[in-house]
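Visitor: Would you mind keeping the following structure in view while I ask a few things?
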Amino acid sequence: MVNYYMFFFIFLSCILVLVSGFSRNLPILAFDEGYSHLFGDNNLMILKDGKSVHISLDKRTGAGFVSQDLYFHGFFSASIKLPADYTAGVVVAFYMSNGDMFEKNHDEIDFEFLGNIRGKDWRIQTNIYGNGSTSVGREERYGLWFDPSEDFHQYSILWTENLIIFYVDNVPIREIKRTKAMGGDFPSKPMSLIATIWDGSNWATNGGKYKVNYKFAPYIAEFSDFVLHGCAVDPIELSSKCDNTTPKTPSIPTGITLDQRREMESFRKKQMQYSYCYDKTRYKVPPPECVIDPKEAERLRAFDPVTFGGSHHHHGKRHRRSRSKLKDDDDVSFM
């Protein structure tokens, strides 16, 4: 595999500067410029403007699309409007993966949106895998400070050699720094961008208690404002298509600004409902990359004493995307 890093110092410097202004400074792609149909036949519909797409779930199938290129680091974004009303069991995902190329040692960076029963809110889950490390789930789950089915909202991923940041409407909600303790578990191989809608009845809502009800189908997720600002990689040669002509920038941010960090801390204080680092039913000892915040631990323990207090331990093996069992009560607000 070609050494990509010679291309990346200038490229990532540009990305990190642009992130402060986000997609206002980045080109918005038409769907056909960056993505292709993945599955679902007629359950994927490109709108007349060519810049928006609907994917839907019905009793027959879900749907999905995938980027035409693989990317090795970058800033990736889409505006998404989720289905309304009863959405229990429905999963909408916007994520990066190379599972089709590296079946036994794949990487992933995930946004997953988890539907709910009528009157309860959508939840959002983030997760990463590196080098096939699916035995260690790194899920976090949150509420949102808005109804994601009423309008479009922007969901973004920044992925660099040593840092991953998840954003909602330009607010950073999670930062993952590469550490020695993670070993090869940090995503480090080229990945595609993928969006899907599918039936997660066996785990997505209250641990599978509430299923998809196809009486309310089709469930339609709408996507627009596509940003694919990354270093494209040849899928055969795994060689970079980046050039080194991007002009240098005088100032290179090292990550989240102080203002952004305050926003992130406020979001996590009010909205976080689950973090693998505090789940005593899964990990008697937190994974080595976890930095335990006593205040965060106490908030989660109050939210769910069983999961985060370590009492009444009784959990079996679950689907790899369903290791966290969360309560669906307790409304939370942010902003």
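Each residue, glycine too, has its Cβ placed from N, Cα and C.
Predicted automatically and left uncurated, TrEMBL annotations should be read as such.
Just lifted these from TrEMBL, have a look:
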SIGNAL    1-21  signal peptide
DOMAIN    5-223  domain 'GH16'
ACT_SITE  Glu108  active site, nucleophile
ACT_SITE  Glu112  active site, proton donor
REGION    307-335  region 'Disordered'
COMPBIAS  311-324  compositional bias 'Basic residues'
Visitor: Is it possible to get the count of other C-beta atoms within 10 angstroms of the C-beta of Glu108 (active site, nucleophile)?
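Guide: Total other Cβ atoms inside 10 Å, all chains included: 21.
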Visitor: Over the domain 'GH16' (5-223), what is the model's mean pLDDT?
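Guide: Averaging the confidence scores along the domain 'GH16' (5-223) gives 91.
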Visitor: Run through the Cβ atoms and count how many others sit within 10 Å of the one on Glu112 (active site, proton donor).
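Guide: Other Cβ atoms within 10 Å of Glu112 (active site, proton donor): 20.
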